[in-house]
Amino acid sequence: MAKVYYDKDINTASLQGKTVAIVGYGSQGHAHAQNLRDSGHNVIVGLRKGKSFDKAKEEGFDVRTVGEAVKDADVTMVLLPDEGQPKVYEAEIKDNLKENSALAFAHGFNVHFNQIVPPENVDVFLVAPKGPGHLVRRTYQEEAGVPALYGVFQDVTGNASDVAKAYAQGIGAARAGVLETSFQEETETDLFGEQAVLCGGLTSLVKAGFETLTEAGYQPEVAYFECLHELKLIVDLMYEGGMENMRYSISDTAQWGDFVSGPRVINEETKARMGEVLTEIQNGQFAKGWILENQAGRPQYNAINNSEYNHPITAVGQELRDLMPFVQNPIR
Ligand SMILES: NC(=O)C1=CN([C@@H]2O[C@H](COP(=O)(O)OP(=O)(O)OC[C@H]3O[C@@H](n4cnc5c(N)ncnc54)[C@H](OP(=O)(O)O)[C@@H]3O)[C@@H](O)[C@H]2O)C=CC1
Ligand SMILES: CC(=O)[C@](C)(O)C(=O)O
C-alpha cells in the first residue's frame with residue numbers, strides 16, 4: 001500500500017514563518033486561507049476588486065492585488081478557476097514570483113496540459129484536496145479533514161515535498177490522509193472521477209432514476225426522496241465503512257436487488273464508456289474542448305447549465321429541502 005501521511009508524520013515547521021499567498025477566495029481559496037490561518041500560518045490573499053475581495057477583507061485577511069500578494073509570498077497557491085489561471089499567471093504572477101519561492105496549485109490541469117510553464121527558479125507543487133472546498137473548511141472546523149494528494153513538479157530548493165506536506169497539514173488534510181502523486185496522475189484521475197463517477201456520473205444516474213419513476217406516473221416527491229435524498233444516506237454508510245457497511249445496514253431484499261439489478265444498469269458497457277472518457281482526458285481532447293469552450297464565451301456550458309437548472313428535480317428538491325431545517329443550508 002502507498003505511504004499515507006498523517007499529522008504525526010509531517011513537520012509543520014516546513015511552512016512555519018513562511019508567507020502563504022492564496023490567490024483566489026472561492027470554494028477552495030476561502031477554505032485554504034481560513035484553515036491555514038487557524039493552523040497558525042501567515043496568510044495573505046491576492047484578488048481582483050469584487051465580491052471575493054470584499055468577503056476576504058470582511059473575514060479579516062490582508063487582501064492585496066494578485067501581483068502585490070505574490071511579490072511577498074514564499075508560497076503562492078493559485079486557487080483561481082482553471083480556465084482563468086493562464087491569463088492571470090502571465091499578467092500578474094509569473095514576473096512577481098520570488099526566487100526560490102514555491103508556486104502551488106490544487107489541480108494539475110494547467111501545468112500538465114502546458115497552459116502554464118513555471119519559471120526554472122521556483123519550486124512547483126500540488127496540494128489537491130479530494131473534496132469540495134466548502135467541505136474542506138467545514139470538516140476542518142469539525143476537527144476532521146478532507147484527504148489530499150500532493151505532488152512535486154519542480155524542486156529547486158530541495159524542500160518542495162516537505163513544504164507541500166506541511167501545507168496539506170495546514171489545511172487539515174493530514175487528519176484524513178495525504179498521499180503522494182504526480183501532476184499527471186492527479187489531473188487525469190480528478191478529471192475522470194468528476195466526469196464519470198462523481199458529478200457527471202451521479203447527476204446522470206439520479207436524473208435517469210427520477211425520470212424513470214416520474215414518467216411511470218409516480219409522485220415527484222417520492223422520486224426525489226428515493227433517488228436523491230436517500231443517496232446521501234446510502235453513501236454516508238459507504239463513506240464510513242465501505243460497501244460492506246452499507247450492505248450490512250440495508251435489507252436483504254435491497255441487497256438482492258443490488259446484486260441482480262445493479263449490474264443490469266451499470267455494467268461492462270458502462271465501463272467501456274468510462275474508458276472512452278479516460279482516453280479523451282489522457283490524449284488532451286477534453287482539455288482542448290474545455291479551453292476552446294471558454295475562449296468562445298461558454299455557449300454550450302451556459303445553455304446546458306440553464307437547461308439543467310430547469311430540470312423538474314430542481315423545483316421539487318428546493319421545495320422539500322426548505323421544509324427540512326436540518327438539511328445544511330446551500331453554500332451560496
Ligand atoms: N471547487 C473545488 O472543490 C475544487 C477545486 N479545485 C481546484 O481549485 C482551483 C480553484 O477552484 P475553485 O475554488 O472551485 O474556484 P472558484 O470559482 O470557486 O473561485 C475562484 C476565485 O478566483 C477569483 N478570481 C477569478 N478570476 C480572478 C482574477 N482574474 N483575478 C483575481 N481573482 C480572480 C474569484 O474571485 P471573484 O469573486 O472576483 O470572481 C474567486 O474568489 C482550481 O484549480 C480547481 O480545479 C481542486 C479541488 C476541488
Ligand atoms: C470537488 C472536487 O474535487 C472536484 C469535483 O474535482 C472539483 O470541484 O474540481
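Cβ atoms are placed via backbone N, Cα and C, with glycine included.
TrEMBL names TYR25, GLY26, SER27, GLN28, ARG48, SER52 as NADP(+) ligands; from the candidate set GLY131, GLY133, GLY145, GLY151, the record adds GLY133 to that same site. A Cβ distance below 6 Å to any atom of ligand 1 is met, among the binding-site residues SER27, GLN28, ARG48, GLU194, SER251, by SER27, GLN28, ARG48. Counting other C-beta atoms within 10 Å of each candidate's C-beta, the recorded positions ARG48, HIS107 are led by HIS107. Residue pair GLN28 (NADP(+) binding site) / HIS107 (active site) shows a Cα separation of 11 Å. Proximity of the binding-site residues GLN28, SER52, GLY133, ASP190, GLU194 to ligand 2, judged by a Cβ distance under 6 angstroms to any of its atoms, singles out ASP190, GLU194 in sequence order.
GLU230 (Mg(2+) 2 binding site) and ARG48 (NADP(+) binding site) are 40 Å apart (CA-CA, integer value). With every protein chain in view, the residue among the binding-site residues GLY26, GLY133 whose Cβ has the most Cβ partners within 10 Å turns out to be GLY133. There are 17 other Cβ atoms within 10 Å of the Cβ belonging to SER52 (NADP(+) binding site).
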